[in-house]
Amino acid sequence: MNTATQAPKDSADSATERFRYGFLKGNPQLTKNGELKHLLSIEGLPKAIVNHILDTADQFVSVTDREVKKVPLLRGKSVFNLFFENSTRTRTTFEIAATRLSADVLNLNINASSTSKGESLLDTINNLSAMHADMFVVRHASSGAPYLIAQHCAPHVHVINAGDGRHAHPTQGLLDMYTIRHYKKDFTKLRVAIVGDILHSRVARSDIHALTTLGVPEVRAIGPRTLLPGGLEQMGVRVFHNLDEGLKDVDVIIMLRLQNERMSGALLPSAQEYFKSWGLTPERLALAAPEAIVMHPGPMNRGVEIDSQVADGPQSVILNQVTFGIAVRMAVMGIVAGNHD
């Protein structure tokens, strides 16, 4: 990638590097009128916009139950899915969401694209824009890549961040908030625990920003010292290095997998040892509030961060997260498509 068009690279050298990313300055995802043109991060989004997305998703949930699962909101629009990292749930649910909005959906085969032959990211985007793309859904290993695209794409094009490095995964954060609201109704009375590899998790970052924006009074980060970033306390997050203590009386548990592909060294012992200390078992779940729900962004590693009895148990809402994710992504795409500078 040309240095003039290069997104910031992730580094394990600093747990608080995200606070120094230049692309966090200002709010390029909003129009001059404060409407959502791109969805790049939950950080900095007004509470009213977050709630508007969740309320709009309510309207799309019922589409799933219809005989004809389509609405004409994006008819005639072209949505390009640009996944520079592997994905199953996110790519598929974005494709389903766009199709149900009646858009024309194109999935770029990255391995066969010109980027694999040395073409810069922005040259790829400019060529796709020349094909009259209306929306880019982008997943990229480099933090800030969607910001770079949003800053340089044609004025009529909208960009949705489907996950960039360790920085953000805003639609996952939003669907997590939708799931919590569906089951718990009132954010202002909740204790929410995020457990596992928070250091490398873009989902954790998006969830923390969303939870604090929506007024959750107590957010807990639970994990080994080697997998927790610095700066959590400054964000109002309570940090626990003991799972049993951290789970006491919580209303929502969000489990995270180990992001082995983002680890630069041996930060942990074996998977079996990790499960003994940090795996969510029925016994540990019993420490939470009686009506606590269990969530996971996927993919799950059973026997590592979560026991199958919990993953498949009555308090698990993991599959419902996937279902709700379609409606939330429909809402995001529909909202941004209607807003222009």
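Every residue gets a Cβ built from N, Cα and C, even glycine.
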Listed co-binder of carbamoyl phosphate (same site as ARG89, THR90, HIS169, GLN172, GLY298, PRO299, source Swiss-Prot) among ARG139, ARG220, ARG225: ARG139
Neighbouring binding-site residues, C-alpha within 10 angstroms of ARG202 (L-aspartate binding site) - of ARG89, THR90, ARG139, HIS169, GLY298, PRO299: HIS169
Least Cβ-crowded entry, counting other Cβ within 10 Å, from the binding-site residues listed as ARG89, ARG139, HIS169, ARG202, ARG257: ARG89
Cβ-based neighbourhood (8 Å from the centroid) of the carbamoyl phosphate site, residues ARG89, THR90, ARG139, HIS169, GLN172, GLY298, PRO299 excluded: SER87, THR88, ALA162, GLY163, VAL203, PRO297
Candidate with sparsest Cβ neighbourhood (10 Å radius) among GLY298, PRO299, the listed binding-site residues: PRO299
Minimum Cα separation from ARG257 (L-aspartate binding site), reported as the residue among binding-site residues THR90, ARG139, GLN172, GLY298 that achieves it: GLY298
